[in-house]
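Under the heading transmembrane segment, TrEMBL lists 15-37, 43-60, 80-98, 104-126, 138-161, 167-186, 213-234, 246-267, 279-296, 308-327, 347-366, 378-397.
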């Protein structure tokens, strides 16, 4: 943790503000999301497979609004960050105001679209400001997100006693405060394409015709399906084992503590031993094998004993994700060549959205089949194979260390291929 604080203070003020913003947004979201699936199943009364769709719609919508990254490239990163916070506040407000399924679906889509506005802008701003230390910057960024993951459920514990609506309203307050803070303190920064007269569709065409980028983003497809199980598959499994909220809280707190304690040191350790591609391949393998404990015969005993395989899975999944994410964000910026970075992050979000939808649908379908066919290990076997297949594909993409980072040198539009 001391190493993380040193890293945090070593960055400039804009990066520090972005780090704080990531903490706040994660708190607002993670005090709400752990209880959303449970609220829909046991509060609203919808089927598990419908919950899978609702949960995945939020993630899918993050990439559906591809224009978000392009707008960040054209009008500046700060306005899109603020707009995203405000729109997410509206979505959380809808969770509080309405309880019927259509409104919950609309709120999920809206919160996802809000992320489509500020996630690419956040990442592009950070990549632009800290291009010389991009992997370290995204490592600290990841720690900040995990700090929010730690604090969010802890804030949610006392609030959920007053109902899901109270938790949603608290999220709204946090997001509005963040929007005001960004407007007041975050310096306005423009990317290389700000004010460009180049057609917007040309930015999309550039990203979509970048074969190395598309190959990389395609192989990372499965990683989002695996990561998303921390907020979907594992909470449902905990509910099945313990029938309470305490296990869900332990899950998120443990994952966050691991991130706070290990993220910066783990990235430093990986950088000394492997290239970016090699580290990501190993991270994907680890994320896949994380589900093996859930494929073993269930343990008998107290609730704590029965929760152990789930917690081991979550811990392994978190460590694999820690190995993966900072290198992934740096690789995307590197493959963009330093231009229209926001657009590249948006396209990546689109593909990750498909990954989230695919993962949730597959795991929800497998969960249903496992109960009807008596094959409890089926969903976890599918996720294991998905992780290993993705790692194998990424290894092919990284032949000749193609994914090793190089210093970003933004090109002009005329010089772009």
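Each residue, glycine too, has its Cβ placed from N, Cα and C.
Beyond the transmembrane segment (80-98), the same-chain residues lying 6 or more positions past its ends with a Cβ under 8 Å from any Cβ of the stretch are 21, 25, 28-29, 32, 36, 68, 71-72, 104, 106-108, 110-111, 113-122, 125, 164-166, 168-169, 171-172, 175-176, 178-179, 182-183, 186, 342. Within its own chain, the transmembrane segment (43-60) has Cβ neighbours under 8 Å at 36-37, 99-101, 104-105, 108-109, 111-112, 115, 164, 224, 228, 231-232, 236, 352-354, 356-357, 359-361, 363-365, 367-368, counting only residues six or more beyond its boundaries. Outside the transmembrane segment (347-366), and at least 6 residues removed from its termini, the chain residues within Cβ reach (under 8 Å) are 48-49, 51-53, 55-57, 59-64, 66, 69, 112, 115-116, 119-120, 204, 207-208, 213, 217-218, 220-226, 228-229, 232-233, 332, 378-379, 382-383, 386. When each of 15-37, 167-186, 378-397 is scored by its Cβ pairs under 8 Å to the transmembrane segment (138-161), the top-ranked stretch turns out to be 15-37. Among the recorded stretches 15-37, 104-126, 213-234, 378-397, the one sharing the largest number of Cβ pairs closer than 8 Å with the transmembrane segment (308-327) is 213-234. A Cβ distance under 8 Å defines the sequence-distant neighbours of the transmembrane segment (15-37), meaning residues of its chain 6+ beyond its ends; these are 8-9, 51, 55, 81, 85, 88, 92, 95, 111, 118, 122, 125-126, 129-130, 137, 140-141, 144-149, 151-153, 155-156, 159-160, 164, 167-168, 170-171, 174-175, 177-178, 181-182, 185-186, 231-232, 235-236, 245, 248-249, 251-252. For the transmembrane segment (378-397), the neighbouring stretch richest in Cβ pairs under 8 Å, chosen from 104-126, 167-186, 213-234, is 213-234. Proximity of distant same-chain residues to the transmembrane segment (104-126), defined by a Cβ-Cβ separation under 8 Å and at least 6 residues beyond the stretch ends, is recorded for 14-15, 18, 21-22, 25, 29, 40, 44, 54-55, 57-66, 68-69, 71-73, 77-78, 80-88, 90-92, 94-95, 98, 134, 137-138, 141, 189, 191, 329, 333, 341-343, 345-346, 349, 353.
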